[in-house]
Amino acid sequence: MSQVSLVVMGAGESSRFRQGLSIKKQWLRLGETPLWKHVALHLSKQACFDQVIITASPKEVKYMQKQVDFEVIEGGGTRQESLQNALASVKTPWVLVSDVARFDVPSEVISRVIGRLGEAECVAPAIGVSDTVSYQGEYLSRSEVKLIQTPQLSHVESLLLAFRQGDFTDESSAIAKSGGRVLLVEGSERLKKLTHPHELTLLQGFEPPFGGCYGGSGFDVHAFMEGEGLRLAGVNIPAPVTFKAHSDGDVAIHALIDALLGAAGAGDIGEWFPDSDLAYKGVDSTLLLQEVIKFIRGIGFELINADLTIMAQAPKLSPYKEAMERRLGEVMEVSRQRISVKATTTESLGFVGRKEGVAVSAQVVLKLLDWTKHACFNR
């Protein structure tokens, strides 16, 4: 059995990166492969690891697990909390920790780091600086200044003890603070960290995102009961009935959510918002749609088109179609031109024809965000 496990940090919210883009950096695609998966697969082949663990944000755990055979662990609010969650599952005495942001890890760096196993509580790659360095008015010797990189190899027990001392940005600083020995080995200029949108140029030479489209469909029905009106596509419709439902019963948005999740391969509305959860009792479905579209964008998709067909014998919906398109555009933050809402009857056939309820069919088309088209990449 190997003495080392691998942990890939992929749970971050990419707050600095997303100041210019909607996507989280770990979901940038190389072809159809997200960056976190590219990093995990590459690193996993560089040594004989006993375990490979990937940290993920809570809403992405199941989605990431679907794409790999490695163990995916829910991360925390900070990098350190995420790593501590992962360490709880590590069974080996040593762990190699790497960040998705450093996506181009040379094999020789991994060999240098792991090759010094046992010589210190932490082994980390580092590079020197070529610029003159000043700190609080004092000029420092460049030979004494090092930029610490990842991946870093740490003794698990020592690292867990070190984390009790406070919050740290990496393993080496935690172990050094606790009095442990940190050994620095030669790093690489290729280990530059992707943090801001202007650093997309670091991806030059890598495969651009897959340019095809992803289609999804959704279908939902709700029965009527006595009430004071319906809500469809976020628009209030006067009627002597309302929907029997756990939420507000917006059958149009529910079908649309299923279509979005289907196109992304991310489950269905029942998995995301179960009707057994009291938190969704009477909830405004536009809030659910906002959550889903934020997720869809965060994992790297853009909405190209959404097409809804509402089947209702009554009430008459044609006067409200434009308002529905506008409202869906507002909620999803897209142009109304990308949304089509159609209304039809069933010629008095079936439960819809008997005016017992409404059915909605929705289709969407998504595509991957193309980072090669971003202004920051083409500077």
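Glycine is treated like the rest: Cβ placed from N, Cα and C.
Among the candidates H196, H246, H254, the residue that Swiss-Prot names alongside D220, H222 for the divalent metal cation site is H254. Counting every protein chain shown, the Cβ of R16 (site 'Transition state stabilizer') has 13 other Cβ atoms within 10 Å. In the three-state DSSP scheme, P274 (4-CDP-2-C-methyl-D-erythritol 2-phosphate binding site) is classed as coil. The Cβ neighbour count for P274 (4-CDP-2-C-methyl-D-erythritol 2-phosphate binding site), using a 10 Å radius and every protein chain shown, is 11. The residues near the divalent metal cation site, meaning same-chain residues not in D220, H222, H254 whose C-beta sits within 8 angstroms of the mean position of the site's C-beta atoms, are V221, F243, A245, G249, D250, V251, A252, I253, A255, V358, V360, in sequence order. Neighbour list (H254 (divalent metal cation binding site), Cβ cut-off 8 Å, at least 6 residues apart, same chain): G218, D220, H222, S247, I269, S285, V360.
Distance from the CA of R16 (site 'Transition state stabilizer') to the CA of D277 (4-CDP-2-C-methyl-D-erythritol 2-phosphate binding site) is 33 Å.
Ranked by Cα separation from R354 (4-CDP-2-C-methyl-D-erythritol 2-phosphate binding site), the recorded sites R16, K25, R142, K193, T345 are led by T345.
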